[in-house]
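Straight from TrEMBL, the features:
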type: REGION; residues: 1-339; note: region 'A'
type: DOMAIN; residues: 24-179; note: domain 'Histidine kinase/HSP90-like ATPase'
type: BINDING; residues: E31, N35, D77, M82, N90, 96-98, 119-124, R339; note: ATP binding site
type: REGION; residues: 550-627; note: region 'C'
Amino acid sequence: MAKHTFQTEVNQLLDLMIHSLYSNKEIFLRELISNASDALDKLQYLTLTDDKLKTLDFTPKIDIAFDSEKNILTISDSGIGMNEQDLIENLGTIAKSGTKNFLSKLSGDKKKDSALIGQFGVGFYSAFMVANKIIVTTKKAGETQGFAWISDGSGEFEIEKCEKESHGSEIKLYLKEEEKEFANRWKIEEIIKKYSDHIPFPIFLHYTETKSEGEGESKKEIIEQKNEQINKASALWRISKKDLKDEEYKEFYKNLSYDSSDPLCWIHTKVEGTLEYTTLFYIPQSAPFDLYRVDYKSGVKLYVKRVFITDDDKELLPSYLRFVRGIIDSEDLPLNVSREILQQNRILSTIKSSSTKKILSEIESLQKDEEKYSKFYKEFGRCLKEGVYSDFENKEKLLELLRFQSTKSEGKEIAFKTYKERMGKEQKAIYYLQGEDLELLKSSPLLDAFNKKGIEVLLFAEEIDGIVMPMVHEYDKIPLRAITSKEALENLGEESIEEDTKERFKSLLETFNKALSDEIKEVRLSARLIDAPSCIVSDPEDPNAAMIKMMRQIGAMGMGADIPEPKPILELNPNHTILTKLLDAETQKQEEVAHLLLEEAKLLEGGKLKDVNAFVKHLNTLLQNSL
Ligand code: ADP
Ligand code: MG
């Protein structure tokens with residue numbers, strides 16, 4: 001007999017669950033049945049693909065038995081089973097990615113935490129919510145030695161060799177006194193109907209019935225053994241839409257996704273013709289916890305003729321739709337299709353592209369309900385932007401789905417379409433200002449000229465906008481223009497600075513250029529400013545802040561963190577009093593003001609100064625001289 005200790009995270013999780021963080025204890029049965037079903041899926045796949053297992057005697061089923069006197073509940077399956085190594089790895093650690101992340105997200109607020117834990121999928125360990133001892137007896141298909149795993153959920157488990165006749169696992173729960181309701185025929189039936197009706201394998205409940213026979217003296221009690229299949233065992237996605245109730249779709253979703261909330265919507269499609277397949281996709285209400293992790297888990301399972309093939313193929317849908325949960329069941333793929341060749345499979349790529357279109361149309365129709373859409377967009381808008389970047393085929397459709405704040409949207413988010421409808425007749429482009437902070441963007445001096453003319457400007461304030469939007473050159477044939485670009489000013493008809501103004505400012509610009517040469521690319525006069533004396537714009541040829549951040553992250557071009565910050569262009573407002581007065585000032589003063597105007601413009605643009613000390617020093621010198 002060998003003693004083992006649980007991984008720290010398992011202990012943490014167990015501790016959370018045993019102290020009944022979870023309000024909904026009955027889900028332990030769903031978890032154990034789902035594990036049994038996974039084990040059957042795995043073995044079914046192997047009996048089709050692995051020569052050693054092709055001849056195995058395999059009747060996929062799940063059996064449930066209970067003893068209401070001893071408070072014991074047993075869940076058995078004829079699935080793949082586990083050997084010693086599997087037991088140590090699977091029932092001693094949490095192998096799933098993101099566990100630590102999950103644990104660190106817990107807030108201590110029971111309600112919130114139990115929603116989180118539901119989304120995370122607590123799995124096997126949830127059985128310790130109702131049991132104070134668990135014995136797993138198991139034998140791996142194709143092997144001869146059976147093993148028993150024993151634990152009371154308090155830090156340790158034991159593994160010992162044992163006899164087991166056939167492959168598969170038996171999970172025996174010694175229920176806590178206060179949880180004995182789970183060793184009851186009706187309770188078990190109720191839970192299974194609720195959560196596991198559409199598990200594609202039969203679940204049998206074993207119970208005894210006592211009948212009386214005869215009268216008086218000859219009266220006898222007869223105990224009868226009953227085996228009853230209690231689930232439908234039909235793959236829900238194969239049932240016709242009209243025969244399914246909303247409730248059934250929702251329960252199926254919860255089983256599939258571990259999400260304890262209802263889905264936002266679902267799309268159930270049966271395709272017949274040259275290719276035959278069924279898909280059932282769900283959009284969750286809120287983002288899965290690993291949505292922005294590199295090692296996120298795929299949410300779509302692939303079946304071939306109802307046989308589970310894989311839930312670990314991230315290519316089934318484009319990665320920007322990784323929040324979608326669901327099932328693809330193909331009639332045309334060979335059953336023994338290897339996971340490796342799936343990638344290049346033409347049938348799958350056809351299914352992928354038409355599924356993508358279906359999902360996008362569903363999202364499109366969500367827009368009819370503004371409130372619902374804005375909730376959806378808050379969770380998944382960023383993913384749609386990734387799509388604009390990566391899915392060329394559906395770019396137009398995706399653009400329609402994006403939302404942005406603007407100088408006229410009054411805090412709401414609008415679509416390109418709305419912007420276009422509000423555009424003046426003479427307006428030639430869709431204007432935007434891109435930056436890192438919405439509040440700073442709203443008060444940027446760059447907007448002055450546009451505000452004065454009543455031209456709406458979109459505010460791209462999310463980091464991903466800096467990467468994605470420069471690649472969007474037009475919407476519905478109207479060009480998109482950064483208001484910092486030359487073209488934007490030309491469009492405005494304000495590009496021209498009078499020749500004699502240029503002449504008057506020539507020497508001042510030279511002084512500025514010299515004084516600031518370390519910090520800027522050039523200084524020039526600009527017609528875009530009204531209230532502010534200066535602003536900085538970036539050279540459209542240079543990467544923006546978001547791009548630089550991304551390049552640094554991926555260590556682009558092997559330069560790692562050494563990508564230099566591009567220098568900005570300083571623009572001056574020739575009509576501003578500070579500058580007209582400065583024309584006659586002495587060079588030293590001009591230099592001091594040059595620094596201040598640059599620092600001021602930087603403040604307005606980014607909200608931060610790298611060298612605050614220098615700024616204060618410049619300001620103080622100027623104050624002193626003016627007193
Ligand atoms: P998950 O099912 O999400 O992987 P669980 O905690 O439910 O997480 O289960 C952990 C692992 O234990 C499973 O991935 C599987 O490898 C193994 N396991 C659990 N139950 C069974 C079973 N009945 N048969 C075979 N393996 C099992
Ligand atoms: Mg599980």
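Cβ coordinates are placed from backbone N, Cα and C, and glycine is handled just like the others.
Ranking the binding-site residues E31, D77 by C-beta neighbours within 10 Å puts D77 at the top. Looking only at the region 'A' (1-339), the predicted model's pLDDT averages out at 89.
Checked against ligand 2, the binding-site residues D77, N90, G123 give G123 as the ones with a Cβ under 6 Å from it, listed in sequence order. All protein chains shown were included, and the count of other CB atoms within 10 Å of the CB of N90 (ATP binding site) stands at 16. All protein chains shown were included, and the count of other CB atoms within 10 Å of the CB of G123 (ATP binding site) stands at 18. Taken residue by residue, the region 'C' (550-627) breaks down under DSSP into 51 helix, 4 strand, 23 coil.
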